[in-house]
Protein chains: 2
Amino acid sequence: MGTSGKSQKKVSPPQLIIFIFLLLILIGTILLRFPVSSNSNTITWIDALFTATSAVCVNGLVVINTGSSFSTFGQVVIMILIQIGGLGFMTLGVMIAILLGRKIGLRQQLILQETTQASSRDGLTKLCLYIFMIAFIFELVATIILTLRWVGEMGLQKASYYALFHSVSAFNNAGFSLWPDSLSNYLDDPVVNLTIITLFIFGGLGYIVIVELFKKRDWKKFSLHTKVVLVTSGLLTICGFIVLLLLENWNPTTFANLTMGEKIAAAFFQSTTPRSAGFNTIDIGNMLSSSQLIIIILMFIGASSGGTGGGIKTNTFFVLILATLNTFRGGGPIHVFKRKIGTETVMRALAVVVSSLTCVFIVALLLTITENMLEEHFLEVLFEATSAFSTTGLSMGLTSELTSLGKIIVTITMFIGRLGPLTLAYALAKKKNSTKIGYPEDQVLIG
Amino acid sequence: MGTSGKSQKKVSPPQLIIFIFLLLILIGTILLRFPVSSNSNTITWIDALFTATSAVCVNGLVVINTGSSFSTFGQVVIMILIQIGGLGFMTLGVMIAILLGRKIGLRQQLILQETTQASSRDGLTKLCLYIFMIAFIFELVATIILTLRWVGEMGLQKASYYALFHSVSAFNNAGFSLWPDSLSNYLDDPVVNLTIITLFIFGGLGYIVIVELFKKRDWKKFSLHTKVVLVTSGLLTICGFIVLLLLENWNPTTFANLTMGEKIAAAFFQSTTPRSAGFNTIDIGNMLSSSQLIIIILMFIGASSGGTGGGIKTNTFFVLILATLNTFRGGGPIHVFKRKIGTETVMRALAVVVSSLTCVFIVALLLTITENMLEEHFLEVLFEATSAFSTTGLSMGLTSELTSLGKIIVTITMFIGRLGPLTLAYALAKKKNSTKIGYPEDQVLIG
Ligand SMILES: [K+]
Ligand SMILES: [K+]
């Protein structure tokens, strides 16, 4: 984002992004609706729309069992939608700049220039290809590893297909799985765990962080953005891991009967997957409500900007916390890692979190009404709304029971959540009014 | 708040505020623990602490039935704690300024000067007395009205006592009632409804708004703060009223069997009471979960700064929404009512909402653990946490079932919620570090 500039043309970058995503979803819906996409009965339009949106928006919520109800053709369509949707979104800022033949917004440009010296069109094209290459290398290596892991279990053809599907799904933080219980069968399998986790973590860090990690390889040389993303992602993972391990340790329906090694693996997987991946090795519905609440918060924060994941983003969260602590310490300029964070950045973070919270609460409210839920299931509804908005795709089990109206609400939420409130607002916004009168500043009490 | 200044003495105003409140709670706890305070069995220390905190913090959550378990002496203690806690908090900024013999913080001072020309110590004392006078007039008139309403029902002595107790409780937004089902018996009684609602609405608007309403009586002359409070409070009430009326209209356990007039009265009462009052004329636990979620949001927003209510405050909420919309429209200075809202104001609003959200979520999480709640009751827990933090005191029924640990958590939450995150942060904060090095500004992606 940050692509709104002075040279306003007929179609703004945010409008173009929305158009492309709607087109992808339309094509996906039609393809998945074809009889050839299903194993037995052709799926309904609404389920095709839901699945296509979930795939293009790399969400992972499913109303139809991906592995058993879709044919191999249907599954390949889903996989391609995931790859285009995920990698496309990741490189969107760069690609839009190339497509429109002009520089991208100030914010990304500054970081990009510093990182890659790629401000010219040629430089941007190179950068884009570089990102694609890294993504494909990640997916290729992972496919090979997973094929080797699964070949004994299911033969070469099926193993390589499953490996490819799950690698694409993981790097793009899509969370689609060909098993109905996601990766629960591989709860204690180090190869599957580490491969999948590595993929979705790297996919979620964003291209600026990935490029810097591969090109600079030195903390001191990293940009502020990269430092912020790495620190926040790391802290969230560590905190999530410890809390989930402590909470679930004695839960008989999840951790209680596992060995210590399995517990650690499961806690680690479940603390990283809310950063938009959406796979799971434990049935989320069986976890304690306190753990589910933690996962809701982790999902809401999500992954990092410029990546395949969703949520308000780790970097946005960091800025919010930093600004809050700064105000508590008496205000003034916000400093971190020997750099200053500008007011405009904080304002954008505020706008993102307020609109995201509003969105999640409205969706939860609507689902509470349409699904005729009693208060007993509110956590499930809040979980579903957050998961849809943050493109995480984890579920406590509500998705498969959704009414048609509920499916439509979740579909729209996945779309809004993927593009983000800022993109949508900029797409709808009229030209910036630069003739504001300078009214005098006045006071409003706070808190 | 906003009372931290340059002339840092040994005890800062926020520290003084905390000390006074702790002292009040201690005295209240001891008084309520005396056998003379109870009707039959002496109450436990923890219940005495809970009740004293709830009264001083004008919360209204109760673990002990106020009307039947406390003696008249105990009830009078509660009433006095409410009056000191509520009216004291309302005039805190002014009183601290008088006590410490120096001007109060910039923000309040600017509004106060504009409103009352009361920046001198004498002026402040006059202002303080003026506020007390208004409060007592409100409570006196209401007591007379309610006495006349109830005299036929229960005789003069009981009627006047009940009238006084509920008037004090209402103006101070305390929500304590001598009936176990609050004001449910008077659901369709216009006298009781209008008297109580008028009291808690005026109490919740804050002294600046009240003073301006009484002294200026002209919209154009109102300060920005007053305009913001009136507009936000009005809009919240109208939206809450319409949504609750629509949602509950067909609910057989609440509105379905009422007449249209009763429905309107009940919807109006239940849409205003979350602005921290805490009385109810409908059993909140019987409402739809969607209505309960709406009430949670209204409670979280709460009343207005400088009043007897709690929550993040309508004015804080207004600034957040305004800043968000402004960013969506492309950023720049934030204008409203022909005035500019400063960056510092927005930063404070951000700090308040982030820390308040964090607090409510942590409390909900802790209660989920201590109360051994299954996911089925999460809405109840979230409701309780929000009600405790926002000093509203409404409950879906969890309060009476709290474990000892749960009672302690709720007690601490009521205290934190009443004083507010900013006051607590300022009390803990060290002297502001004014030797910050001017680091260069750098970019972090957002959203
Ligand atoms: K996902
Ligand atoms: K209250």
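For all residues, glycine too, the Cβ spot is worked out from N, Cα and C.
Small disclaimer: the values here were computed from a predicted structure and weren't measured.
These features come from TrEMBL:
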TRANSMEM  B:16-36  transmembrane segment
TRANSMEM  B:42-64  transmembrane segment
TRANSMEM  B:76-100  transmembrane segment
TRANSMEM  B:129-148  transmembrane segment
TRANSMEM  B:191-214  transmembrane segment
TRANSMEM  B:226-247  transmembrane segment
TRANSMEM  B:293-325  transmembrane segment
TRANSMEM  B:346-369  transmembrane segment
TRANSMEM  B:408-429  transmembrane segment
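Long-range contacts of the transmembrane segment (B:76-100) within the same chain: residues 1-3, 9, 13, 16-17, 20-21, 24, 28, 31-32, 37, 51-52, 55-58, 66, 70, 108, 112, 121, 124-125, 127-128, 131-132, 135, 164-165, 168-169, 171-174, 176, 203, 206-207, 306-308, 418, each at least 6 residues beyond the stretch ends and with a Cβ under 8 Å from a Cβ of the stretch.
For the transmembrane segment (B:293-325), the neighbouring stretch richest in Cβ pairs under 8 Å, chosen from B:16-36, B:42-64, B:191-214, B:408-429, is B:191-214.
Tertiary neighbourhood of the transmembrane segment (B:346-369): same-chain residues 300, 312-313, 316, 319-320, 323, 334, 378, 381-382, 384-386, 388-389, 406, 409-410, 413, 416-417, 420-422, 425, selected by CB-CB distance under 8 Å and a gap of 6+ residues from either end. Taking Cβ pairs closer than 8 Å, the transmembrane segment (B:408-429) reaches residues 1, 3-4, 12-15, 17-18, 21, 25, 46, 49-50, 53-54, 56-59, 61, 85, 89, 310, 348, 351-352, 355-356, 359, 363, 366-367, 370, 384-385, 388-391, 399, 402 in its own chain, all 6 or more past its ends. Taking pairs at least six residues apart, the transmembrane segment (B:42-64) and the transmembrane segment (B:16-36) share three or more Cβ pairs below 8 Å and count as touching.
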